[in-house]
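K.L.:
The structure that follows is given in the form of structure tokens.
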């Protein structure tokens, strides 16, 4: 009978009404049940507080200096060309210019190298105001289709660029692939053309595991609205590195993507001629296009912010050390 | 037996006590609860068994009973299991969704299923809720399977049922109402039955109700004369009809009458035996089933205590509302700006590659997935609610349950909360108010059995005006044949006087005869192996009665045998049989009980015992006044030393008087209307013109450690009020002996007999207390009795009483009735925000225990009603000190921190998401992988906070015990208040800014991908919030280390695993990130910068404005590095916290220098 009356809320496991368990004596002693586990009890003593801030300062200031100098060592050439590459007579009519397939989109730019750039020189294009992280955009891709030839019809998530109007699946489908960046750059110094290596610009992991060598582009960019570049239908996706790079969507609306590498030192004050095929439409939404040549150091590209931030924090911690020393000296507790 | 009594219950206004129906009449102490309740139910309700309100039972004819039933009659198959296979899912889900929080999360999960709003994948959005539901469901299912199993064993037990002229074996579940069942000794009763006959020719049966209410003593039940038949003639019962009340929960009440052979017999609670009880000392008993299965009183009482909600949780709900407001502000902001963005870029969106507004597959005119601006804004709002939902922490609810479970485990397992006696383990019966234990300001304590041991010792006796007060000799190894099991000290002079030839020898004999027979004790005889004496164990419902009967036995008047009609008393080694002709049970109006005894010499005597106040009014005034005076003086002396006093009286009855009484009694006891009132009137009529025999003083020893415990509680700033049924002198004397009252205290006594005098004395008291307040330093004590409270509670005078009582250091209420106890608790609870705690052991404390914020039951001598109604149960009063000062403090501090931390932790995450939304054209893209988002509050950060909330100790046990003042932290709500909430929120705002913008600025103009930056953010958040917790942890043991570092490691592993799934867009991103220095520098920088304000603030405040706890912690660390020995006691009783601080500082200084 007792068990039917037992209330389940009794934690100690003994039923109110069970005579057998009534005999339970003291609970077993253990350091755990008595909450007496050996423990360390750190306190924020003056020494520890000052020590921690000093440690942070000692750690941060060298890191700041190192990354600042690394960042300063990076040589970066940035050229914004979206506005300048529209012929003078088309100003104000940029959309007509870019949408008209018969206009001449070729544009020549001259860049001066400020300092010697050691090989490899990375070529990036930088877009601005382009929301590769827009909700409509990031979801519009079919990873299954990219990897498995049998899944080429899995285009539901890619709408409205999933199927052609007559119902055939587009490979690769989706807004991301559809909007593939298609400006091209040709570099030359004094009419000596410079070789641009476009191999290995995409992640090896993407080439081997996300884009199949058995999947070929199909029905791509055949719709009423052309979003961007076209793909050679005889090259498998795993070798379409521009596409793979493009499909690694950027985190922020201002982003760079790797175009290729120049595996040759560029000397200071050399003038580089860049012939740009200005195909990509950023005029519709007022986005900027930039060409970036940059070397890289161990910290990556040019960015002084981290170094400055580390130096600031290090300095702040040093002043906190002083402030706490003053506090502990002039207003002691005891 | 009648020292603690409840005055004028009927004068009391009806209090609205919750679940009054569960304990329909809070019982007065020390009287047979059955008797009093019988009387109460009769007098209070005076219900008539009318056709609609009753059920009709045809004895031995179940089918007839069923056919004639007005209502459904349950079979005897019981079902305690909640679910069946089919109903489990719907019912369990239904019950779980009683929580508002779950409904909120379900609503959000459903929103997410709409294709327009699908922010998370299907699986990810349901996952957290599903985990929570699943864990609870598995727990419920496991418990239910256990219940199913026990139901089955229970239903398949066998009973002997009368059918077709003989008793046959039947399964319990097949027994029906109306069946006649035979039960043999030591077996359980299958259903609630009216006794018809027993092996005892007079129809007595003894039952043990330990399974029902925990009382282990034997209770006497009677079969009615009319039905007592020989075992073989059961057929004669067929045709009898019982009309009884409908099934109810009152285990001490029963109203019915039986029609047999044309006559009508009324039945009461003493005629019914209940399911769950066991038949003892009776060879067999036959009864007819009146309530079966789930309608039995045991099953109806089988429900949990009403749930309470803790103070902290109430506050938490307030802060949850603020968080919802923040949530709505964020969502409105996002949707508003999304609308503005869409409006401003209206013309661009057709061509912008990332938007692709038109769907050319259907002609290029229709929009793809785009509606009117207003609708877009609305959808954005809903989506942002889905994204930011985690602002209201779902995991907090389940974490709190786990933490309370853990805390309860440690409380139940604490060696300091239990002693060596069996059945004394600490029990956590309510799981949701653990943290309230750390905020108590008022303790309302019962006295008898709570502060005292409730082991009554017979001490002094005054017989016929002669005071015998030197009990020394123990009757050990004496020549007596019978020995009471309870050893009693006897007075040698009295022993001589009994045998001697003095004038009041007859009085002495009558006195002890009265003690031996005026009770409801059942004697059990045992052989003592060591000698040839027989041990007598007295089983009864009141410890006072046991003490009195044992005393009579020690003086040679041994109650040896009791049957319903007669008792056998061994009077000075001469066996005599007395007939019990009548018994007036105790009730709280008369405050006395009496028996009518037919003596062997054919004389009829009335013996009465009762409270002195009630006895002196019914004495024969013409008799010896000297004796009365002397006895009164003795009584005064007895109660001055804290004894419980009783007065014994008697009267010889003439045969006319007896016959008159007998006929009146017969009439009254078969009356259908107002039986209780009539019986009481008859009793009062009989109990008059008594001869005073004497008085007794019984000692109820204080429990171990009570004075120290009270002192500790008062040092902790807790006011201790004692509410007792004892008389004033006894209460005051106990007050002194437990150091509640001291000599220096000014006592304000309120003793009023009318409303006006009460008003006047209250007004005086207010003036007096005001005056004493001005002469600060003077301590005051208020002593008020139940009579005065009648005029105060629930009237306009309450306010004045409140004023006086809160000014006093000590309040003693004596002679209070159970409902008055609850009224006093309500007096404080309704007028202040202070937390109240009630502690008691008896049924009369139930209402108080349920009224107070925290109710504690003492599992002692006196049944388990108090324990069953309580939130926590323990064995001794002194355990209250470690419970409040140590566990209460810990629970409060841990739970408070955990709630704040959970708010903070989820806010950091939500704010980071919010900052990112500003850079996604307000489209609520989440850079953090959706599985990481889901796992964040359930896996990444849940374990450390739970572990810390269960295991962290801000101060050691010995510090908390030695410095009760530290308890004030909880009373002042130092660990959870709106300021702290705002501080935590500001901290979360700062940390989210750092976590988001440091990487943002470092990765602007780079080719970093969406998932990689998301990984950096989630790792940053998780490490930061875990380190933030680490800064606040006081005690690092290996579990804490494992939880915090383990969580960070687990998060890292999860992120890596998620980025190793090729299906997800973030494939391999974390590896690419981890290969760059920039990632590591961002992570390190964001974490350090995020923590600086918290760390600086903590170091600064701990140095400049240390709290009591902080100082105590420092003392603990520097004075006592091992934490094993206790700190020296430096603090006096009246030391305030400030002084304490100074003293500890001095101590610390000395130890450092």
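The backbone N, Cα and C atoms fix where each Cβ goes, glycine too.
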K.L.:
Given that TrEMBL assigns B:446, B:447, B:448, B:545, B:586, B:609, B:724, B:725, B:726, B:815, B:821, B:844, B:845 to the ATP site, pick the one from B:644, B:759, B:878 that the record assigns to that site as well.
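P.N.:
It is B:644, as the record lists it for that site.
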K.L.:
Taking B:1043-1071, B:1101-1129 as the choices, which stretch does TrEMBL tie to transmembrane segment?
P.N.:
B:1043-1071
K.L.:
Per TrEMBL, which of B:826-843, B:880-897, B:934-951 is transmembrane segment?
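P.N.:
Within the set B:826-843, B:880-897, B:934-951, TrEMBL attaches transmembrane segment to B:934-951.
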K.L.:
Counting other Cβ atoms within 10 Å of each Cβ, which of the binding-site residues B:446, B:448, B:815, B:844, B:845 scores lowest?
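P.N.:
Lowest Cβ count within 10 Å among the binding-site residues (B:446, B:448, B:815, B:844, B:845) is B:815.
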K.L.:
Would you count the other C-beta atoms found within 10 angstroms of the C-beta of residue B:725 (ATP binding site) for me?
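P.N.:
Excluding its own Cβ, the number within 10 Å is 31.
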K.L.:
What's the number of neighbouring CB atoms sitting within 10 A of the CB on residue B:644 (ATP binding site)?
P.N.:
28
K.L.:
If I take the Cα of residue B:845 (Mg(2+) binding site) as reference, which of the binding-site residues B:586, B:644, B:725, B:815 has the closest Cα?
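P.N.:
Among B:586, B:644, B:725, B:815, B:725.
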K.L.:
Within the domain 'P-type ATPase C-terminal' (B:867-1106), what mean pLDDT does the predicted structure show?
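P.N.:
Value for the domain 'P-type ATPase C-terminal' (B:867-1106), mean pLDDT as a whole number: 93.
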K.L.:
Pick out which of the binding-site residues B:586, B:841 has the most other Cβ atoms within 10 Å of its own Cβ.
P.N.:
B:841
K.L.:
Taking the Cα atoms as reference points, how far is residue B:446 (Mg(2+) binding site) from residue B:644 (ATP binding site) in Å?
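P.N.:
That separation, Cα to Cα, works out to 15 Å.
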K.L.:
Are there 3 or more C-beta pairs under 8 Å linking the transmembrane segment (B:377-398) with the transmembrane segment (B:321-344), counting only pairs at least 6 apart in sequence?
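P.N.:
Since 3 or more Cβ pairs under 8 Å link them, the transmembrane segment (B:321-344) and the transmembrane segment (B:377-398) do come into contact.
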K.L.:
For the C-alpha pair, I'd like the distance in angstrom between residue B:725 (ATP binding site) and residue B:448 (Mg(2+) binding site), rounded off.
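P.N.:
Cα-Cα distance, residue B:725 (ATP binding site) to residue B:448 (Mg(2+) binding site): 8 Å.
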K.L.:
Which sequence positions outside the transmembrane segment (B:100-118), separated from its termini by at least 6 residues, show Cβ-Cβ distances below 8 Å to it?
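P.N.:
Same-chain contacts beyond the flanks: 125-126, 128-129, 132-133, 369, 379, 382-383, 385-386, 389, 392, 394, 397.
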K.L.:
Using Cα coordinates, what distance in whole Å links residue B:841 (Mg(2+) binding site) and residue B:644 (ATP binding site)?
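P.N.:
Cα to Cα, residue B:841 (Mg(2+) binding site) and residue B:644 (ATP binding site) are separated by 18 Å.
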K.L.:
Measure from the CA atom of residue B:448 (Mg(2+) binding site) to the CA atom of residue B:844 (ATP binding site) and give the result in Å, rounded to a whole number.
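P.N.:
With distance taken Cα to Cα, residue B:448 (Mg(2+) binding site) is 11 Å from residue B:844 (ATP binding site).
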